[in-house]
């Protein structure tokens, strides 16, 4: 704030009493106006420089040049001219190096000349401690991570002012944050250098702060504040805050994607997009929804299964090839102690003198006895027309055997012709009185009856010792059950199944002479060829 003082020209002798009063009471003395007020004197203190300026009241009188005089009131001295302010054309003068004592009162006189004539003369008195306000210094503010630094600058050519006096003038740094104002009073000790730094901390992030620096004089009404300098305080720099910005961007993108997907799915559900079931692949989010919300696996289908055990009775066959009757003569099965059942097989031999018709009738009669129900027997067995002897019934396995292992029958006793017999069909010697059948060596025991009645039973397959004992016990019983084929035809019984083998008897009668030859065809079977002589 500038101080203006109206001065008038007075004599040096009249100033001494006023100087004494000014020093005692410490007040500024205003020199009484002893002449007409032709100009106004002003003292300024800018950047530690004392500038005295003047302004003319009567603008019609314009001096061409000025000269400045001064004296100290406490010293009985005459007026002295200021060397740098003689015959100057400007309306101010720098008294920084002239007025150095701040406790003295200085009396100044400005004289204006036009050519060599004095046209204006003005006087004034100033007490530097109170009448010279200080202009605010230059400063800068810098923001850091958590504070603000205020850098106050002083000129190198500053006046020679002691540090104690500078502490008196350097007052406050004001901090403006919104509507609040906070003053900081720095503590200065020692000599003052070019710059002075002051740190302001405990700041609120993302807040705009304004700083002002000024010197406070004794009169509060004369404070001259500097212009405000503002800065936005950020606790972190932009480089450090890049990571939160990235995370925020990712979250925003994720939310936008979720909103878009949910919108499309809702439009699909309500049928707004399209009304067909085969959607394009771009709009098919079923798999994506399964990944986010997995569905429970479907329940297993269960059905009740009822197991029904069917008990089937074994069909017993009584093969009877009698000419007089086609009815099966059932023979009561004999149950052995081992739980097996004996079955007899009635075999019929074709007559000696046979013709093609008689042989055909014989084969048809055999088929009628068997009901021709065996699916494996595709063609009926037709005996060769040159056979002269009746073929005796050959023993075969019982009906409990699933495989067709019967001697001359297929599965249920039907005779079948071995390929080997077809090869020998051209020879009259091998085709007469011969029957071809298979024997399972794993389950059949064969006893061949030769001319000697004392021949022993020959076992064709091994059997355990227990089964051999049972075989010997039932030997007599088996021999009694064997029947010899006669003209009417007899029944050839099977052996006991508990023996796990069959013992066929090949002796048909005393008049029949048999010769046997066996051929192994693999799979545990043997082809037996029996040569039969013609019966009388």
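Cβ atoms here come from the backbone N, Cα and C positions, even for glycine.
Given the structure is predicted, the values throughout are model-derived calculations rather than measurements.
In Swiss-Prot this protein carries:
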SIGNAL    1-26  signal peptide
TOPO_DOM  27-246  topological domain 'Extracellular'
CARBOHYD  58  N-linked glycosylation site
CARBOHYD  87  N-linked glycosylation site
CARBOHYD  101  N-linked glycosylation site
CARBOHYD  147  N-linked glycosylation site
CARBOHYD  191  N-linked glycosylation site
TRANSMEM  247-267  transmembrane segment
MOD_RES   340  phosphotyrosine
REPEAT    358-362  repeat '1'
REPEAT    363-367  repeat '2'
REPEAT    368-372  repeat '3'
REGION    369-434  region 'Disordered'
COMPBIAS  420-429  compositional bias 'Acidic residues'
MOD_RES   480  phosphoserine
REGION    487-522  region 'Disordered'
MOD_RES   525  phosphotyrosine
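Using a 10 Å radius centred on the Cβ of residue 58 (N-linked glycosylation site) and all shown protein chains, the other Cβ atoms total 12.
The Cβ of residue 101 (N-linked glycosylation site) lies under 8 Å from the Cβ of 72, 128, each of these being in the same chain and 6 or more residues away along the sequence.
Between the CA atoms of residue 58 (N-linked glycosylation site) and residue 87 (N-linked glycosylation site) there is a gap of 20 Å. Counting every protein chain shown, 9 other Cβ atoms lie within 10 Å of the Cβ of residue 87 (N-linked glycosylation site).
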